[in-house]
Amino acid sequence: MDGDHHPPVRDIRCRTVCTLVWETCRNVATAGTFVCETGLVHTTRATLDKHHADVASMFDGVARRYDLMNTLMTLGAVDQWRQYVVDAVEPGPGQKILDLAAGTGTSSATFAACGAEVYPTDISLGMLEVGHQRQPDLHFVAGDATALPYADDTFDAVTISYGLRNVEDTEGALREMLRVTRPGGRLVVCEFSTPTAKVFRHLYRDYLLAAIPALARMASSNRDAYDYLAESILAWPDQQHLADLMAQCGWRAVSWRNVAGGVLALHRAWKA
Ligand SMILES: C[S@@+](CC[C@H](N)C(=O)[O-])C[C@H]1O[C@@H](n2cnc3c(N)ncnc32)[C@H](O)[C@@H]1O
């Protein structure tokens, strides 16, 4: 691994034991980790700058247990939430659907089951590899949300679940999704959002900052990645601000539906 490309290290051991960090790190141990000259194995995570190489590397590192962690963190609600996304996307036989930031393809499989032609696309080769193993019938595509490998006006629907928050350039991705959607086509963004009730908002914040890292310590290969998850959710725009951003990027008739009291929001919009 080239020293210039190391993602920032947040592992506390790096600060207290290993002061050498980037310049001296040499070997990638497994995806999402590396070994420095002191022999310590460090995990990698993205920062809120969301540099795409850091994000891809972080997801490479969590790919194998990604779906399990989703089930644990949402107490099993994630399957119901995926069904809400299907209801919003309304996939039909023969429709072309871009599932962007598709990860392991769990959401893509639900669209394919409705007879749609799905293009699961993601920047993390580790997530795509796990996806290919679990969903061998899907055709996975490596691609960056801000420079999609598709022609203008290709898709009937574009959807992105739990992905937009991780993209370095949110507006660039929203404009790129507009470019590849056909006129009259639709966009569905499923993303963590801001609970509407004040008391619940505070409880949820505590859950994000305390319970998720605790779960990650037990079940994930990279707990730092789940610190990032909590931080990135708390820094993400609320429902109205995301709707405004979508409209600024050219999407029309933007609306949203809150799920679980606003823990999640499904934004829907159309290309004129
Ligand atoms: C939290 S996972 C969501 C996976 C999947 N959509 C799901 O519902 O489980 C976020 C995904 O976004 C992908 N991602 C982040 N930045 C991206 C980008 N710029 N272009 C494409 N994919 C990106 C990551 O690699 C990761 O697989």
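A Cβ is built for glycine as well, from the same backbone N, Cα and C atoms used for every other residue.
Note that TrEMBL annotation is computational and uncurated.
Going by what TrEMBL states, the S-adenosyl-L-methionine site holds Thr104, Asp144, Ala145, Ser161, and the candidate of Asp60, Asp79, Asp87, Asp122 recorded there is Asp122. The record assigns Thr104, Asp122, Asp144, Ala145, Ser161 to the S-adenosyl-L-methionine binding site, and the maximum Cα to Cα distance across that set is 16 Å. DSSP assigns Asp122 (S-adenosyl-L-methionine binding site) to a strand.
Within the same chain, the residues at least 6 positions away from Ser161 (S-adenosyl-L-methionine binding site) whose Cβ sits under 8 Å from its Cβ are Arg82, Val85, Asp99, Ala101, Ser107, Cys190, Glu191, listed in sequence order.
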